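Listed in TrEMBL for this protein:
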TRANSMEM  35-56  transmembrane segment
TRANSMEM  240-260  transmembrane segment
TRANSMEM  272-291  transmembrane segment
TRANSMEM  322-343  transmembrane segment
TRANSMEM  364-386  transmembrane segment
TRANSMEM  450-469  transmembrane segment
TRANSMEM  489-511  transmembrane segment
TRANSMEM  591-612  transmembrane segment
TRANSMEM  624-649  transmembrane segment
């Protein structure tokens, strides 16, 4: 009997004008397609390089962690008025100014309070009064190293005039009355003044120092602002680059190759192994989130760096985010367990489908090694992309605030007391930086989709060549032949396809954000509810479009050599015409492959947790604020790498099934080029579906 394939495929005959059902369907004359979009992709990459160059020129990742001192120097940086490489902690010298920033109606910002860069947060002395003085300059004949050795104190060397201004909290020296603790490279005051230090200060005739909880809350509010937290998250990714390289690059590469080899030699047991490992990994990752959130054990993340009073606790947004992540992982763990129970009944169907892919991989063994090429390209790209992203995100210029506040502070360099302005410094981010960041993110996603699409098309072309060639005609290197066809004719179509996928994914993220907003207005009546449902419907439609233009369009590009839109049209017609014939054959196999990708990415996340739990990332300047972002990045990279390698199996199954349908149609229902294993598998599926229908009846 004739299948529904004929009317579709007969519209696209081979180059000789006939439809002979042989390897000519792959080798027929081709022409370059969608060249305009290839030019767009190249132009986009030129713009990406220019955008990244601006970021490298204007950015400094140290700004994501460290603050500015009273001169506008960045703590921890050597390129300033002083070499501050060892002075990474920002400390506010005048506690009364910090108190003023905490007042409800005060216009005085914390960034305008006088701050300095130190190695350690000062602690009041138990039997005397300690001081922290400005950087030595002017008449203060001390080197910066000597100043650090003296614990930043040269009060004893001051003239009577400078001692008097210091007692008025006008510098150059300021008393250490409140203890402070290192919270994310900022010395946060503890609003409990040292009685000994305060007594000495009052005996010396110092001005009244206000003791109030506001000096604690003001700094704490600045540290926990959304912008500060986001900066620390981005900085964590930069600090944890060895973890990203190992757990986001090398580990998923190793695991993916092992999985492919096991599919090749142990296909019968792989679905069960994949399903069991998936549940174990989900539980393990969830437990790590519980550990870091502090709900299990005593290994919760702490915003305090270094040794501190164990009875002193500081809350942080990062801990709250880990709590939310732990709850989300708990929900995912329950859903994963229930889905595993539902899938277990159909494991045999997945096994039979995977046998077909194992047969193809065994015949075209280069398919196992080929993904290493796009993998290498993506590794190099992501190293550049992440580095450029850190610099773009931290680009800006240091400018003095226009605060309009007047206060007095002694300037050692000009040797006079200045009362005109006490405005501090901030990093000014221009309006175009947000657009630059979005452009960089979109470019990274487009480039990733482009590489994955190229890999999928090469695999599809290799498998199609294998199918349509008789045993004596199988090409020696079908993978390289497919790569050659891709480079010569189809790069424009791949650029267009990856652009459409990237564009619709970006739209989907925007619509999901809008949907979350609409949930807040559902209480206003049916209008808000209708708007939310409409947005969700749009999200689902976009998801359906993305699925339609993804793998099957690239398969038809590889087989027919047509442009992206024409290949999408062919693929859509084929899927709709053969939905009953190929639908159930592919669904379970795709689910198992998706779970396999999740296994690789979850293993990457689990090992990232283990690496980040070492002393290197829990202390000193390498301490990360939270494992959340590095783990998520490793999770994402692991999934991308797994997609490259698991794509060998996915594309093999899809390509060979579509080729089988075309073959059987052109030969009156008897596929002449189909491997016996494929015919047996499809027959087994039909028998299983018939049996299932009888049981349900």
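Cβ coordinates are placed from backbone N, Cα and C, and glycine is handled just like the others.
Where the annotation comes from TrEMBL, it is an automatic prediction and has not been curated.
Panel annotation: around the transmembrane segment (364-386), residues 52, 237-238, 241, 244, 249, 253, 256-257, 260-261, 264, 440, 443-444, 447-448, 451-452, 454-455, 458-459, 462-463, 466, 477-480, 637, 640-641, 644-645, 647-648, 652 of the same chain, lying at least six beyond its termini, place a Cβ under 8 Å from a Cβ of the stretch.
Away from its own ends, the transmembrane segment (591-612) comes close to residues 240, 242-243, 246-248, 251-252, 255-256, 259, 271, 274-275, 277-278, 281-282, 284-285, 288, 292, 343, 347, 350, 354, 624, 627, 630-632, 634-639, 641-643, 646, 649-650 of its chain (Cβ-Cβ under 8 Å, at least six residues beyond either end).
Below 8 A, the CB atoms of the transmembrane segment (624-649) and the transmembrane segment (272-291) form no more than two pairs separated by six or more positions in the chain, fewer than 3 in all. By the Cβ criterion (distance under 8 Å, sequence gap of 6 or more), the transmembrane segment (489-511) is not counted as touching the transmembrane segment (272-291), fewer than 3 such pairs being found.
Sequence-distant contacts of the transmembrane segment (322-343) (same chain, at least 6 residues past either end, Cβ-Cβ under 8 Å): 275, 278-279, 282-283, 285-286, 289-290, 292-295, 301, 588, 591-592, 595, 626, 628.
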